Amino acid sequence: MFTESFKYYKSKNPPPSFESVINFDGVNDSIFVRRTVVNNSDERFRHIGLTDPIHWQIFESPSGLIFIKNPFTAQGQRYWIARCLSDYPKSPHANNLHSKSISLSVVDDWWKELNSTETKAEKERLRTALRWCTLGYHHQWDTKIYSEDKKHEFPSDLASLSGYIANVLNFGKYSAEAAIINFYPIGSTLSAHTDHSEQNLDAPLFSFSFGQSAIFLIGGTTKDIKPMAMLLQSGDIVVMSQESRLCYHAVPRVFKSDLSTWNLEEKDEDDDYREVTRKRRRVSQQSDHINTELWDLVLNKDFWQPFNEYVDNCRINANVRQVLREGQNTL
Ligand code: SIN
């Protein structure tokens with residue numbers, strides 16, 4: 001059942017109908033019910049690129065699958081896109097480029113090499129060569145077993161973002177310890193799999209989408225169950241918790257969107273207010289480990305341009321997991 005749906009949504013000729021795809025922007029007659037955040041006293045959303053959770057559109061299925069419609073500000077999206085492209089793939093984090101016949105300098109700092117490449121064809125080759133990088137406990141694609149000696153420090157800003165969302169959704173304390181960042185050129189896919197390497201399978205998995213759009217399929221704990229198809233757009237967050245945490249899921253289609261919400265203008269604050277909040281924001285951002293220099297730079301047109309070019313052609317997905325159980329310090 002899963003395989004048939006995957007083939008259906010992947011097909012180029014004939015292209016699939018999107019009629020059965022759940023689009024949370026439209027009328028929602030799916031199994032999802034709306035959840036609201038009634039009051040929120042945690043103001044950190046302002047400093048990590050999110051809007052106030054009381055305005056979030058949150059949908060939850062009976063199996064514990066949660067969808068949050070893009071809760072990011074445009075600057076927030078830009079910040080996280082820039083981190084995913086220019087920092088997370090860098091050494092010592094692991095990436096797929098080792099397995100390609102590509103020079104070591106590209107493996108070590110793909111973004112820098114991509115942007116210093118002159119020829120169009122070589123740029124395109126490098127742009128599409130990066131397909132994943134792993135953070136924290138590095139995912140082992142063959143054995144699916146984490147190990148203490150294949151681990152690096154998890155980026156603390158991404159841990160703050162995941163911890164904040166876990167708190168808003170009442171999951172309690174969350175410790176982000178492993179992540180896979182997937183890079184999808186338009187037309188690429190990710191086949192059906194479950195995520196079961198973590199010793200803690202009670203903690204939710206957070207999945208952040210940026211850039212171009214995708215069809216996301218999620219079914220049951222075997223491939224015999226017909227999956228539902230959901231539209232994922234830039235900024236959307238999927239949370240896999242409870243039963244859905246161990247369900248088969250896949251991305252059969254990544255396609256060009258007519259939206260680029262990361263480029264929307266945000267409401268301007270008046271100058272005095274902006275100056276006061278800027279100072280306060282810096283202090284708070286430092287405690288959430290946000291790179292304040294990058295935070296400001298992403299609003300600069302020239303700095304942003306290469307990132308814009310990337311997300312205009314590709315999709316990024318960051319999925320974050322807690323590996324250890326509460327009270328456990330090592331594997
Ligand atoms: C994954 O499940 O590993 C990625 C899902 C996505 O790209 O949305």
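Please read every residue number as a count from 1 along the shown chain.
Yeah, the Cβs are placed from backbone N, Cα and C, and that goes for glycine too.
What TrEMBL says about a protein is an automatic prediction, not a curated fact.
TrEMBL lists H193, D195 as binding Fe cation, and of H138, H249 the one it places in that same site is H249. The secondary structure of H249 (Fe cation binding site), as reduced to three states from DSSP, is extended strand. Non-local neighbourhood of H249 (Fe cation binding site): A192, H193, T194, F216, L217, I218, G219, P227, M240, each in the same chain, at least six residues away, with C-beta under 8 Å from its C-beta. According to DSSP, H193 (Fe cation binding site) is assigned to a strand segment.
The C-beta environment of D195 (Fe cation binding site), restricted to residues of the same chain at least 6 apart in sequence and closer than 8 Å, consists of L205, M240, R245, L246, N319, R321. Counted with DSSP, the domain 'Fe2OG dioxygenase' (175-291) comes out as 25 helix, 41 strand, 51 coil.
Note: the Fe cation site is recorded as H193, D195, H249; in the same chain, A192, T194, C247, Y248, A250 also have Cβ atoms within 8 Å of that site's Cβ centroid.
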